[in-house]
Structures are given as C-alpha cells and as structure tokens.
Amino acid sequence: MNLSPELRTLRPASRSPMRRLDKVQEKQQSADARGIGWNMALSRGLRCCQRVFSWIPVLIIAAVVLWSYYAYVFELCLFTLSNPLEKVVYLLVFHVCFVMFSWTYWKSIFTPPATPCKKFQLSYSDKQRYEMEERPDAQKQILVEIAKKLPIFTRAQSGAIRFCDRCQVLKPDRCHHCSVCETCVLKMDHHCPWVNNCVGFSNYKFFLLFLAYSMLYCIFIAATVFQYFLKFWVGDLPNGPAKFHVLFLMFVALMFFVSLMFLFGYHCWLVAKNRSTLEAFSAPVFVGGPDRNGFNVSMRKNLQQVFGEDRRLWFLPIFTSQGNGHYFPVKSQSSESHNPLLANEDMWEESDDGSEEGSQGEFTKSGDADPSVTIEMEE
C-alpha cells in the first residue's frame, strides 16, 4: 500500500509521544527500584547497628566482673593478705562463686528463647481461609475452630483467640511476641538488656540462678573486703594500688547487691504466685475474665514448674523446668466445663508422625498425659 509523503511524515510523529511516555515510565520504575533498594539497605544497616549496640550492657557487666576478679584475686588476696590460710580459703570460696555466677550468666545469655511449635502455626489451607476472609467476626471464628484442637485457656482482652499476625501462630498460654527478638516467646517474662536475651520458659530458671549467684558473689566480696576496707580507710595499711581497688571493690559490691536484692526478691514473689512480669502488670484473660491467679496452683507446684522435682538440681543451671512451655496447669475457673475450647476431646491430639520438631514434649490425650504437664484443677 502506497502512502502519500504527508502521511509518511505523520506516522513517526504520532509514535514519538508514546515512546517518550514509555521512557518516562521506565525511568520512574528504575528510580522506584533504586529507592526500595536504598530503603532495604538502610533498614538492614540499622538492624545490624542495633544488634551491635545491644551487646553494650553485656560488655559492661563483663568488664566490671573481670575487673572485680583482678582486684580481689591479685590486689587483695595476693598482694594485701599475709595469712596463707586466709588466702587459700578466700580464693577457694571466691572461685566457686565466680564459676557459678559466670555459668548462670552464660546460660541466661546464650540459651535461645523457646518458640511455639508447628502445631500452633496455621496450615496452608487455614492461612488461606483466614487471609481471604475480610469480616473480623468470621476470622475470629476460624481461629476458634483451629484452637479447639489445642490446649489454649487464655484469650485476648477482646475475648478472641490470641493470634500473632507477624509470626502467623496461635499464641499458647503465657506466650507473647517480643519486638526485639522479633519472635513469639513461650512463657515470656521480659526482654532483659543485661543478658541481651528474652527471659522466658527456656531460661527463666537460669535467670533466677544468675540473680542469686550474683548476690552471693557481691555479698561474699563485701564481707571479706570490709575489714581491709576499714584498714585502708583509717590508714593502717600503706597507700598503694591495692587501696584504690579495695575501696572501689567495696562500693561496687554493695551497690550491685542492693539493686540485685530488690530484683531477686521481686522474682521470688513472682515464682511463688506463678506469674510472669508481664502477667503481674496485665492479668491473663480467661473465658471467665481476667485473673492474676489463674496459673497459681500452690507454692510447691509453682516452684516445681520452674525448678523441677529433683531438688538436687535446683541450684545448678541445668534445664529441669516441667512441661514444654505450651500449656500450664490452671485453676478450676478455667476447667473444661467453663471453657468451650477444651470441650473437644481431641484437645490433646497427637501429631500424625508421633513427633514434633521444636517442642520439648508431645501433646497427648488427658488420660495419657505426663503428670508434669497435666492440667490439674485445684480449689
């Protein structure tokens, strides 16, 4: 088909605006992609800096402890004490306290927080149903149906099943999401910057022992240093490098002891009441309403839940806590007759393959439940 010269000249002119528009769109998309890339890089950099700075409190504690070791062992025991027997006794007891303190502190820091097992995660089909449903009431009903097979006693403040949108899991009782660790933590107590870790089901015993041995470490140092502190203070001992270390050792030991005494006493009270720090500030909500004593099943059993039944292991940083952190004994107001979530006899449904990764125990039917994790009802 032959076109006139006028039409031939018009054709390229009609296409040029479209080409310019395409180029503009391509440039805009490229700029958006670069912007997203810069934002992701900045976010990763900030997270990396946050992880680095989060170790500063731990490094401070480590530095103070290492200095106290040098001051006590070298400046006091080796350079100041003259009685050989006194040196041996002081050094022996000091190193026992130092080892136990370091062991419990290490376990508190490097024991990873326990997270909900796969049974509390939504299956692919349940996740699709939940995300495609736009009505909040219908979403709540979906979660209720899923929770019927799980040992869930507590609810959200609104009365709905507790669900974590970030981790996509139904929260077990006493489980909370930690914004610092970016995960749900079983029986979460609090996130402690001094151990740079979440204190929860997996390391709560280690944290309590860390507080106890820290107090013992401080009080032993203060008690043994006191007489030499007075001698340096009144001038009975000659001035020298040891004087500075002994004086500050006394002040630091007493300062840490006083602060640890209040913190340890508070956590002893929590253990006696079977509460976490979060539950002390906000009572867990059951079907019948909030109840601060919902998990309080007697002093002895409360202690056994944290320290285990073998008292010989209570003072060692070895995991002996009862259960697997997914469910806990509750009082009678949360019994099956009052809780529709527990009315289903398949609540303790076993996994198809008989095992569950990421969990320290199995869900079994109530008749075959392990005594340490059986739901017990007490008045």
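Backbone N, Cα and C atoms are what each Cβ position is placed from, and that goes for glycine too.
Copied from TrEMBL, the annotated features are:
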type: COMPBIAS; residues: 346-356; note: compositional bias 'Acidic residues'
type: DOMAIN; residues: 161-281; note: domain 'Palmitoyltransferase DHHC'
type: REGION; residues: 331-379; note: region 'Disordered'
type: TRANSMEM; residues: 52-72; note: transmembrane segment
type: TRANSMEM; residues: 88-106; note: transmembrane segment
type: TRANSMEM; residues: 206-230; note: transmembrane segment
type: TRANSMEM; residues: 242-266; note: transmembrane segment
For the domain 'Palmitoyltransferase DHHC' (161-281), mean pLDDT (0 to 100): 94
Secondary structure tally of the domain 'Palmitoyltransferase DHHC' (161-281) (DSSP, helix then strand then coil): 69 helix, 16 strand, 36 coil
